[in-house]
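Right, one structure below, let's go through it.
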Amino acid sequence: LRSPCLVPCGVFSPIVSPVARTVLPSGSVVVNSCSSTAEQLCNFVCDCSDCSDENQCGYLWSSAVLGTPFTCDFEDSDCGWQDMGTSTYGWVRGRASLALWGMGPHSDHTVGTDLGWFLVTMSPPAQTVGTAWLRSPEMQEAAATCEIRTWYHLSGSWLNQTERPVLRLAVAHKDEVVGLWQSPEHSSGGWHQLVAYPGRIMEQFQLIFSLTQPPSCGAEVALDDIMFRNCGLPGEQQVCRPQESRCHRGSCLAQHRFCDGTDDCGDNSDEGTAQCKNFTRCSFDYDLCGWETAAGPPVWGRNTSLNLGTSYGIPTRDHSNNSWAGFFLHVSSGPTAQAGGTAQLSSPTFQATNSCSLVLYCHLHGSATSNLSISYVTNSTKHLMREKTGDLGSCWVRERVDFNVTDPFKVLIEGVAGSGGTVAIDDLILSQGCVKEQGELVGNVPHPAPKLLVTLPSQAGVSPCAADKVACDSGDCIAAELACDFADTCADGSDEKRCGTTTFESGAGGWHDVSMGRLRWGLQKVTEPQSSPHRMFLCSGTFLALQTGEGQMVGPAKARSPPLGPSGPACTMEMSYRIHSDPQGFLAISVADHTTGTTQLAWQTQHRGSTTGGHVRVPLGERSRPFQVELLALVDLQGLASVSVDNVTFEQCYLDVVSPTAAELSCNFERGMCGWYQDLSSDFRWVHSTGQGQGSDHTTGSGYFLSVDSSVLWSRGQRAQLLTFRQEPATAPRCLSFWYRLAGPQIGTLNLKLWPEGGEEVVLWTRRGTQGSIWHRAWATLPATGQQRYQVRPRPPMSLAPARHRLSDTTAWGQVAFEVLRDGFLGDVGLDDIMQTAGPCGAELSCSFEVEGCGLAASRKGTWQRQSNGTGTTAGPVADHTTGTAAGHYMVVNTGRVSLPAGHTAALTSQPYQPSVSAQCLAFWYQLSAGTPGSLKVFVEQSRVRRKVLSMSTMEGSNWHRSHVTIQPDGDWQVVFEAVGAGGDHGYIALDDLHVSEGACPKPASCDFEQDTCGWSSPSDPRLHSFAWGWKSGITLAKYPGPEQDHTLGTRNGHYMHFDTSVLGARGTSALLESPPLPAATDSCLRFWYHMDIPEHLSSGELRVTLHGAAGQRTVWSMAGHHSRGWQSTVVPVQSPSEFQVSGATLGCRVSPGVHQPPRLHLLLQISFEITTRRWPMEGTVALDDIMYSAKVGCHSSPESPVEEKPPGSFVAEVVLSVLLALVIVALVAAGGWYWLKQRRLASRIPTESSSPQGFDNITFRD
């Protein structure tokens, strides 16, 4: 499905629906069950009792996932959308792939995982401009209040190019295709919301999405969650409210909305000629209707969209006809226009009146600084009545102004187009109370207008500064980007006076209303204290309050601050507020970032039955300029509802503000964040808490830690970052240690990164996939910075595929960041007890080689090297062991005769390990190539004395093998891996996943899971669509259920492997637990204990042991799911003449059609738990413990024999029983105790648990 051009660019290739290029069948979607007429189909009104007349209309009548009406989430079908392309470049229904994380959408928008569906463009042409077209089914009519919202995702290499693709939404009706929206010129990757307003459409219409891209490689756009709000015509009402009148079709409409130039009734009865004959309307279709423009530039120009083109800020149609051929007045910024100049349009002179009103429609788009004001002028004095500032979007917004003037006056409309923006007006409608001074209505004079009786004020107030500067109150000019940057630049501080910090006593303080609907923000003054609890603030004064608006849309009121920034990490906004409303009412704060084109919710509160209010602190964090803070509110003002805001301040927002805790990198998070702060630019964030069902903290067991939950429903971000503040220079390296937890069946990646000043980011440490619900300790060395101070700006860009570079001893370091990537959707990450100490870190106890060589040093250059199959220059494994992909890293040495002649050696030596117990287990994975690879020898070196502990020269198969050896050191020791050439033409030896743990090594494939998982693991390749088993103790965790006691120790502190079956079914295919490869054996035995806790009515699950060998796959044991009977044991004979693997699996639904499954790299013996029916959810848990594999030793029992049962707590009962028996007869106790211990431990060591508490300074850890 991809063009040849796209392949080398690494472009996203989604999992595509098997019927992607055709209209998808509706499946279970019922269409028009009541045989509605064609006029009743797809008109946003439910005529059938099941609303099936509104299915497959470009939307379904309701989204089962989102719970919103008239929505297409693409989860079950394409809702009737059709690809209209004539080439291979077009739209398909697909979903994301974690195997290609970082290219294309990493998840859909509906469910936020790789299992959700969306529409996406595929196969653009390589050498020519290409356009992909997508068309909706026919829809019947749209109300004037209609609002279309959808989410789109931008990705590809074009994000860093100047020539960008353009996504457009248009409406086709009659013989026109009229643009509604197009993508902004500046944007970033990720999901963005598109909002379009088609206006009143009286006939059939269709919507068209198009993506046009230049002849370059790498642009993809996805669409999801298309919603239609308030698009149906108003329904018939039995009784109209006061101040409403009835439309001919039976609906009711507010009287002040009659004769306003918009068909609100749906049958145009509110705009009838008879009742509107005394209103004067100017559509500019023929002339200016007696209105006059002042000499410019700039001036109001009369034109059409057809003539003006498709520039971003230009209106795409007029309001009068909703057509690209209709006329309107506009003022645009451009080379010939005076920078920041004001275009003026004035009316004739009107008589003094108290009943004159003006309705007009305005269009402000393309700039955050555009302005439209409506005033009246008497005796050369201008009185401002209404003002619109900012970018209102590509739509016409209704505005109404009532004039109550005691002297003759003129109406003055002024427009200022900001950089790149356009201000336009259309349909000026004057009421019958607007009477010309000569006694005639405006527009009814066939001869030239009489001499003006009112003169306009001069434009002396126009800024004296150039376009890229702003004026101080003193008259001085400063650069525009220095205004509202939270630092005084003007000598009088006036550049920071109208920047959002205000008590509203002297005006709006820079806040401006940008509402488009029937609610708006405005200043309200109270002269006497109010005692009613639902009426605003109890004290007198002026505040910002929600008021009735004049717009035609139905939605929340919105007020914006001026463009702000840049801001520092500690920046917060504080304000007082009160809200009284029904349960649907809310007050919210969002942040619009114009650099990335995103708007992010920062805070929200809803009414909960009584007046809610107080003082709130909203973190804004570090943001680039320009960004704007938005106040949003929605309540029903018909009753006693109200919303008000006061005392707004911005605290510690200056970029160079230094936090008093900035130097505190060591932190246990008990009293806050210390010298760390969180990046707020993403909605995927760290949470400071005592745990949310995933376990306790590491410091005290009941304190605070930081966590990230990848399954939160509201998050669509790709990364959560924890950053450092400004740091003092460091002349010597430092060691940063920390405790982390990676838990869950599909958890993503935790990185520790360094952003050197002026350089590319460096990954210091990384882990991916589940490590169990257990705290682990890790270390990373921070290099010396010399005398160069840390700099906050500019921060290096954050790429999706971070570069990994080797650090030198002189690297100047910048910010340190803990980063969680959302490349997994089920699980959580924990972080606690960060500690910085002097000097570099010691030898790493676990090394995956994903970042660097972990301090392992080659004996000579050109021998051992770290590489991946995707980027390496030396022949090596096709995939590493850690990730199972070609992108994963390992250490490899070329053993061909040219690189390593026969008998020559190449050594790889670790840093010294410091023994913490009497015995340690060294484990690693290795791979020897086919042919004559030579041999791999492993030495342990102490006090410069080497002792060989392992040697291997042959290996069956091409998969990774695990080896381990017990070390009993009496001091610091090092491991030396030595490759010996054998003279073959080609060959290699590779190493991966080096691990040192406490205690002696168990037998191969045998494990009690107390110290680690002994090489048992779940496949890491995301293309397998499998879930991982977890490793946990018996301590109860709400998020990760399992037995309350393990089998080994019989206590809550013992550990076992577990899996929660509720994640299976529609979420994925399987959960595998695999052993390391084992030598061939003809008579071996597998013993293990299992625990199943599945409700009886869902007992269709099955735990299976499957043997994969050279002869194929064979199930050798199975057990049906059942309710808890405690820990049970079983014995399974294992006979295989060839090398095999033992693995455990939980299997669910089959692979989705169209999903590519890579070939398995090795033969497997699997223990599988499989759901054999589709009765989901499959609530329940399965656990494994005390696995013992005995090679070349028969089981001496049949797997069909009765299974021994061991209920929870039996360990304690047996101990008590043994003590009682000891009081009766010592000899029997001794003999029985010896026999019981032998059977109980299953020939496996029982480790001793430390009784010391795991505190912040405790050095005991699990790794």
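Cβ coordinates come from backbone N, Cα and C, glycine included.
TrEMBL labels come from automatic prediction, so no person has curated them.
Quick look at what TrEMBL lists:
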DISULFID  C240-C252  disulfide bond
DISULFID  C247-C265  disulfide bond
DISULFID  C465-C477  disulfide bond
DISULFID  C472-C490  disulfide bond
DISULFID  C484-C499  disulfide bond
DOMAIN    70-233  domain 'MAM'
DOMAIN    280-436  domain 'MAM'
DOMAIN    500-655  domain 'MAM'
DOMAIN    665-843  domain 'MAM'
DOMAIN    845-1003  domain 'MAM'
DOMAIN    1005-1197  domain 'MAM'
TRANSMEM  1215-1237  transmembrane segment
Neighbouring disulfide-bonded residues, C-alpha within 10 angstroms of C252 (disulfide bond) - of C265, C477, C484: C265
Top partner of the domain 'MAM' (500-655) among 70-233, 280-436, 665-843, 845-1003 - counted as Cβ pairs under 8 Å: 280-436
Collapsed DSSP category at C252 (disulfide bond): strand
Local confidence of the domain 'MAM' (70-233) - pLDDT mean: 88
By Cα-Cα distance, the member of disulfide-bonded residues C465, C477, C499 nearest C490 (disulfide bond): C477
Pairwise Cα distance for C247 (disulfide bond)/C240 (disulfide bond) [Å, integer]: 10
C-alpha spacing of C472 (disulfide bond) relative to C499 (disulfide bond), in angstrom: 13
Fewest Cβ neighbours within 10 Å, where candidates are the disulfide-bonded residues C477, C484, C490, C499: C477
Sequence-distant neighbours of C472 (disulfide bond) in its chain (C-beta under 8 A, six or more apart): I478, C490, A491, D492, S494, D495
Residue with minimal Cβ packing [other Cβ atoms within 10 Å] among the disulfide-bonded residues C240, C265: C240
Rounded inter-Cα distance in Å - C484 (disulfide bond), C240 (disulfide bond): 48
Per-residue Cβ crowding (10 Å cut-off), top of disulfide-bonded residues C247, C252, C465: C247
Spatial separation of C240 (disulfide bond) from C265 (disulfide bond) - C-alpha basis, Å: 13
